[in-house]
Each structure stands twice: as structure tokens, then as C-alpha cells.
Amino acid sequence: MKDTDQFVERYIRECNPGQQTNSRFHRLFVTLLAFNFGIPCIFIYGFGFFELMPSIKCLDKDTNMEFQCERADVCGAPEKYKYIYDQESYFTVSNWIIRYDLLCMDKNQIGYFGGILLTGFFIGSVFFVRLGDILGRKAIVLASTIVSTFASQLAYIFIFGVTIGPRCFLSYVLAMELTPKEMHAFYSTMAMLFDSMCMIFLGVYFYAVRSMEQLILGLAIIQIVICVLMFLFIPESPKFLFEQGKKEQFITSLKKIAIINGLKPEDMVVNFEEVRNLGGGHSNSTPGGEQSGRKPKNFGTINGELIEDDVNSSDGTQPEMIESAEVSAKSVSMINLVKDPLYALNTAILAVLWSTSAYSFYFTEFYMKYVPVSNVYYLAILMGCSDLFTSLIFNLINRKLSTKQIIAVSTLLLSLSATVLTIAIWVESDIITDPADISLGLQVFFSVMVLGMRFFSALTFISVYFANNEYFPTLLKGAIFAVTNVAARLASVMSPMVAEWMGNPSITVAIAAIAACIGSFKLTKKGTD
């Protein structure tokens, strides 16, 4: 038994000059999909700057004296003081607080904006990511990118949140399905690099510009350009079309790749007539026929998986085609996912892994107060550089270790770093009340531990993205991203509650990570022991 991925990838390679694994099409337009995966993070990670409280100056109404003051002064006695925003201050950003004059709004109410975004993210993940398995990847990616372009105002945060899941997850899936397996780690890493670079960009941008208006306008223009390029040059996933039995659209998708790669119809190795004669969307011989020099195979499908049998015909005649039913998105349903013990187990394990990575990510930000960084701009750059380094490391170690092994190692080391941090805080319990009193030696120690936690949680996050694509069939990938991301969002909602409830909450990260590590050993690919 073989997944159809390997079969379709042969066709994709044969649309490339010299059957390259990384053609012009991939370098241009799979990179564009990776960029489309990362670009929404400018808005998501930018929330900390969009809600950053500005510096203010107060005018005493009685004495007419102007002085630097705090939010509590003016909001506590509005009848005594007037205030203006200190535009020359290092920490004043032209954002929602200034635009809508939210200075005296309760901080919990301001926090609802982030809650609205997460609620939209949750709903989009539950109801719209799965549409990519039914209507196709490209249509949903295009729609979610277009809608998010006009959803950058405060009143439309919910709409933007709804678009995040289908846009990011299906951009990732489409990028992987347009790419031969040999390049999956490279383009997966590229998507994560764009994600990491958003945090670095935000730190540099707000340090230099300190205004969200130009950023939002630029983001909208970039998204419109992305939509135009995707519509014109990026085809629907050949793997999705192949599984759906849509042979003419499958051929059109391959031709678009070939044309972008500079191949003329007469130069193409792919025999499109052979594709049209496939039974159930699958071929009874190898792509390219005799030109490929490979031994012919019989191809058919059972439950969405490719079966292939060597042909031992002595008379040289074509083997009889194995007829099979066309696979539809309805036949590969969520019910069948639950009924299949292996897929159900893998889904549960990956949900735990996603939850652990999302949960631990919050705590790295919670403990960043122990890292000696002087301001929010430098902190954003530091966190972005840490994530960037993690993405590059993943691309290197993925060549030596399997995804399963990377997950096991990263969760184990995440648990160890969280345990060490927990013990250190118990020993030096006084630092919790006043981080400013930490000695230089402890600052260095805590910096290493916190950045270590972030590194290993980010490495787990990248690896489980890769595993979602690796452990499930084509027509279930959208559903799997929906299920696992819902688990991750619930974990991220719980983490601040735990942080407020417990004085030393990193122990919960250690426990979750070791449970995830143990569970990762049970991840199993279909057709393997």
C-alpha cells in the first residue's frame, strides 16, 4: 500500500526541466504561499503594540502646571487633570489607544480585543479550515486572504480572526502539496521563517516609525498583491484534484506548473492522454510511459490509498487497468477519521502536542520579565531572533532525524528546561515579587532557561505542523489542522488563567511536555509497524 502522494509527485517532477525537485515555480510561488502563511502574524503579533499604553503629560487645572504623569493619575482624578499624549516619548505609538481615546478604559476590557481575535480564530478553525478538504485549498486561501485585507480596523478584529486558520493552515498544506517530498522541510522552514521575521520586523518598525496606520495600509496592499499573484499563477493542489478524481482539472494544474517552469507542450514528459484514461483518477502505468525507463505498475485506490502491483506481462502488452471508485471529500469524512483507530490515535496525540507547544509559548512570554531587556522593541526583536534560529535548526536536524524523533527530543528538553526553571524559582522565591532585584548572574541564568523553553516549544510547534502534513491522507489534512488547532487555542486560553492562579506555573509546562514526549512515541504512519 502506498499513499497517492508519491505517485502525484512524479507528475509534478515531470513538469520541471530535468525533473528537478525545486523548480522555478517552487522558488517563486511556493515561496509566495509560505509568505502568505507568515504575513498575518504581523497583525497577530502586533497586538502588543496596537494596545501599548502611551506616555502622557498632565495639566493641573488649578495651577496650570504641566508635568509627566501616569495613567492612574489622570483617570483617577479627571476633574483635576487634563492630559495630552506625549508624542515625543519613546513608548508612545499611534495605535488604537490613541485613535479611539481608550486611555482610561479598564485594562480587562482592552484585553477583550485579543479575546475577540482568538474567538474568531477558534471559529475559523472549526468551521472553515475543513472546507479546504471539500472545496479545494486555493479557493479558501484566496477568500480568506481577500477578506482579511479589509478587516484590519478595530471593529473587524473578529473577521480577521476567522480568516487566520483557513488562510495560514491551507496555505501551508497547499505549499506542501505542490512540492516534492524532498523539499517539504525546506519550504516548511521557510513558512516558519516568515512567521519569525514578523516579530523582528515589528520590533524594528515600531522602534523607527511608532505608528500603526502605515503598517496596516502596507499590509493591505501586500495582501492584495498576494491575491492577484495567487489567482493568476498558483494552481489548485494536484494531490487534492487527483484524490477527487477531477482529471481535467488535475491536468490543468500540472500544465500551469510546467508553463511557469518554461516547458513547451512538446517538451513535457507527462502523457496527458494517459492521465485522462486513468481509472478512478489513478494511472495504470508510470508517468511518462517508456520515456521514464521505469517498470510499469498497476495503480488503483482503496479508501484513498494507492495500491501498486508490479507488471510481469511477458508479451509486453499493457496490463489491465484496476478500476476503483473515485474518492470524494465526503467519503473521507470526519466520521471515518474517528472510526480508523490509527488516525484517531494520531489525531489525539497531535492535539496534545499542539496544546503543549501553544501552552508553553505563553509562559515564555510570561517569564520574559526576568530577561534583562530594556524595552518592548528590543524584546520583540529578541523573541523573533530566537524563533528564526529555531526554524533554521529544524531545517538542519530534519535531514538527520525523523519528525517523530524531533518531537520526542524537543518535548523532553522542554520539560527539562521548565523543571529547572521551576526549581530555581522555588529556591529564589523572592524574585517573583520584585524581578528588578535579580542579580546579574541570575538574570543570565533565567535568560538562558526562558529562551531555552521558547526554543524547544517553538521546535515542537514547527515539528507538529510538519507531522500534520506527514501522518494523514490528503483529504483529511484540513480537518486535522482544524482539530489540532482548536486544542491549541483552548490551551492558550487556559495558560493565563493558570499563570494567575499559580505562583510558579512553569511546573505545569514540565508535566505537559513530558506527557507529550511519551505520547509522541505512539505516532505511527499508515502501513508501517
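Backbone N, Cα and C define each Cβ position, glycine as well.
Note: TrEMBL annotation is automatic and uncurated.
Taken from TrEMBL, the feature transmembrane segment covers 28-50 (among others).
Taking Cβ pairs closer than 8 Å, the transmembrane segment (110-128) reaches residues 44, 47, 50-51, 96-97, 102, 140, 144, 154, 157-166, 169, 481-482, 485-486, 489, 492-493 in its own chain, all 6 or more past its ends. Annotation source TrEMBL lists transmembrane segment at 110-128 (among others).
What TrEMBL lists as transmembrane segment is 140-164 (among others).
Residues or ranges marked as transmembrane segment by TrEMBL: 185-208 (among others).
Annotation source TrEMBL lists transmembrane segment at 214-234 (among others). Residues 28-29, 32-33, 35-36, 39, 42-43, 46, 138, 141-142, 145-146, 148-150, 152, 174, 178, 205, 256, 260 of the same chain lie 6 or more positions beyond the ends of the transmembrane segment (214-234) yet place their CB under 8 Å from a CB of it.
Within its own chain, the transmembrane segment (343-364) is flanked in space by residues 337, 383, 407, 411, 414, 418, 450-451, 453-454, 456-458, 460-461, 463-464, 467-468, 471-472, 476, 480, 483-485, 487-492, 494-496, 499, 505-506, 508-509, 512-513, 515-516, 519-520, 522-524, 526, which lie at least six positions past its ends and keep a Cβ under 8 Å from the stretch. Among the features that TrEMBL reports, transmembrane segment is placed at 343-364 (among others).
Residues or ranges marked as transmembrane segment by TrEMBL: 376-394 (among others).
The transmembrane segment annotation in TrEMBL covers 406-426 (among others).
Feature annotation from TrEMBL assigns transmembrane segment to 446-467 (among others).
Summarising the annotation, TrEMBL assigns transmembrane segment to 505-524 (among others).
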Next item on the list: Determine which residues of the chain contact the transmembrane segment (185-208) at the Cβ level, with the cut-off under 8 Å and only residues 6 or more beyond its ends counted.
Entry: 22, 26, 30-31, 33-35, 37-39, 41-42, 45-46, 49, 93, 171-172, 175-176, 179, 215, 376-381, 383-385, 387-388, 390-392, 394-395, 398-399, 462, 465-466, 469
